[in-house]
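Student: The structure that follows is given in the form of structure tokens.
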Amino acid sequence: MRQNNLFSLIFWLVPVSLIIVVSAQLCSEKFGTFTPGGTFDKNRRIILSSLPSEVTAQDGFYNASIGTDPDQLYAMGMCIPGAKQKLCRDCIMDVTRQLIQTCPNQTAAIHWSGGGKTVCMARYYNQPSSRPLDLESVSIGYNVGNLSTNLTDFDRLWERLIAHMVTKASSASIKYLSFDNSRFYAADETNLTNSQMVYALMQCTPDVSPSNCNTCLKQSVDDYVGCCHGKQGGYVYRPSCIFRWDLYPFNGAFDLLTLAPPPSSQLQSPPPVTNKDEKTIHTGTIIGIVIVVAMVIIMALLALGVSVCRSRKKYQAFASETADDITTVGYLQFDIKDIEAATSNFLASNKIGQGGFGEVYKGTLSNGTEVAVKRLSRTSDQGELEFKNEVLLVAKLQHRNLVRLLGFALQGEEKILVFEFVPNKSLDYFLFGSTNPTKKGQLDWTRRYNIIGGITRGLLYLHQDSRLTIIHRDIKASNILLDADMNPKIADFGMARNFRDHQTEDSTGRVVGTFGYMPPEYVAHGQFSTKSDVYSFGVLILEIVSGRKNSSFYQMDGSVCNLVTYVWRLWNTDSSLELVDPAISGSYEKDEVTRCIHIGLLCVQENPVNRPALSTIFQMLTNSSITLNVPQPPGFFFRNRPESDTLRRGLEPDQYNNESVTCSIDNATITTLLGKTLASALCCITSTLFSKSMYRNTED
């Protein structure tokens, strides 16, 4: 048996003393090794790549298994309760990357990260979860500073606090924020003196029993005392539990705590040391102190500089649409032969859809995992840009309402994306694509309302909670996939764009998207922002309520040319419930439906400033007490573009006829350079120019 303990030491200067914060990793060969590139390794990469999104989606703790013997493995990830989702996701993403890079062939490994703004853990192993409690694998560290108070009094208070926390952590169930990952967790603070606090944190993984949690924590406390008694802080990491304490708050674990009542007696601050014989400090002592402090500051500045350079390089690789190097996500790369085997060499019967730049196949990996394989067209120049954009972008996005990228393959002219397989096809299949009423009936109002909420959460993540602000630019029913439980997942990020810090809008000469879903400022001037996605989402909300396509409404008199104009007329005549899909008539909540229609109209207002942000939309949907603004008239702008694929070709807006057609939103007469009937016809035609979805539906 051989074990490699790998520690990342981060030095930082704090007012108390020089602190050593350690992230600990253990690569163990106790249960054997595997062949790099083999089935076990591929399973490991797949399941570890899923942890960042699954841990945040499952309230801070997730465990799962993949594959079959002898290549089956188990994995888990965990963050401390109260951790913000972005911090948790980023922490898990970092530790899983470390596991893949630094444990090349071990069948069991664990990484605890406690050096940032939160604490997280990821591990994998080839033994079932019923394994015995592992107390042998341990990492211990301590603060290099010594306590300057009376140790007898300190030990009494410290032991009282720690004993209380062991009991609390092995039996308590405290809930913080939206996270329910609170089993076997305790974070507490108490007074040592009038001006000094002590902070402590304990946590066990939720898969252990209360007695094992208690045993693990007690052993960790004993190990710390035996190693590091008298120090100003320290930690003990084990595969099933962690223990840390210090004289300052750490990892954001104490942000939500109310100050604990002080113990019955406090330690008194030691009196200042005076010595009549020491009237001056030796010059050598001063020089030594200055040198030490200077070295620490230099080390900190160097670490900061390296971090800034790395983040800049990372951003540049992420932002460039024409970058040739996608090795930043190399651990997601599949061998092209494995993809060919998974799809039976792209057998026609495995084809499940037609994407905007290629075909989509259903495949089964060697470990039994079903996947969706997007094979980009070899003849599409734009497809290569889309491919790079989607790999670099989607690999960094982890959310339960986004389709998860499992990997990619790149060899010669072959450009392939591998996604999680979503079994229930796309939303448009159920809303519009089936003549079978039972299919449409599967989307009752409760499911439709949940779908609206799920899309809201996914877009909110893209706009606000991801590392960069992401504009999807092609939100529509065919790009919303439904999982086995009819939960929505936003797909097709080939057109997505990212914003820099503090950037709120951008413009492009290559307008891409789908007529009827694009806001007027984007079609007319190429301007896009988060409010562009809001407009598209508003149209989609109205489609979900009505069960009809935006382009399916047309009257030759010009009074109605699409769904938005139709809804606006209903709204102004207090008859908005006439919009509701007959398939759900009599089985919906009128207040919820009316509110969704109201929100949809707020989203499609002509002025982007008037459209609500996704965070506001989320509040509107979850808090019925919020009063909604009165919607302003929706915006309509359609150019005379005779070819169905003009938007996909990336031509400049001024290359087209600038004659515009405006649909009537009230009883006023349409006045354009075109005839009234021709204007109405063109309005309808342009609003029906839909781009192809990731999954084209070909069956009922």
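Placed from the backbone N, Cα and C atoms, the Cβ positions cover glycine too.
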Student: Could you let me know which of N146, N550, N667 shows up in Swiss-Prot as N-linked glycosylation site?
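Tutor: Per Swiss-Prot, N-linked glycosylation site applies to N146.
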Student: May I ask you to name which of N63, N367, N658 Swiss-Prot has annotated as N-linked glycosylation site?
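Tutor: The N-linked glycosylation site feature in Swiss-Prot corresponds to N63.
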Student: From N150, N623, name the one Swiss-Prot lists as N-linked glycosylation site.
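Tutor: So the answer, going by Swiss-Prot, is N150.
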Student: Which candidate in N105, N424 appears in Swiss-Prot with the annotation N-linked glycosylation site?
Tutor: N105
Student: Using N191 (N-linked glycosylation site) as the reference point, find which of the binding-site residues Q354, G358, V360 has the shortest Cα-to-Cα distance to it.
Tutor: V360
Student: Could you state the CA-to-CA distance between N146 (N-linked glycosylation site) and V360 (ATP binding site) to the nearest Å?
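Tutor: About 62 Å separate the Cα atoms of these two residues.
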Student: Can you grab the distance from Y522 (phosphotyrosine) over to G358 (ATP binding site)? Cα atoms, rounded to a whole Å.
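Tutor: It is 25 Å, counting Cα to Cα.
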Student: Would you identify the secondary structure of I352 (ATP binding site) according to DSSP, in three states?
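Tutor: SS state of I352 (ATP binding site) = strand.
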Student: Please report the Cα separation of N63 (N-linked glycosylation site) and V360 (ATP binding site) in Å, rounded to an integer.
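Tutor: Between the Cα atoms of N63 (N-linked glycosylation site) and V360 (ATP binding site), the distance comes to 29 Å.
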Student: With every protein chain in view, how many other Cβ atoms are within 10 Å of the Cβ of G358 (ATP binding site)?
Tutor: 24
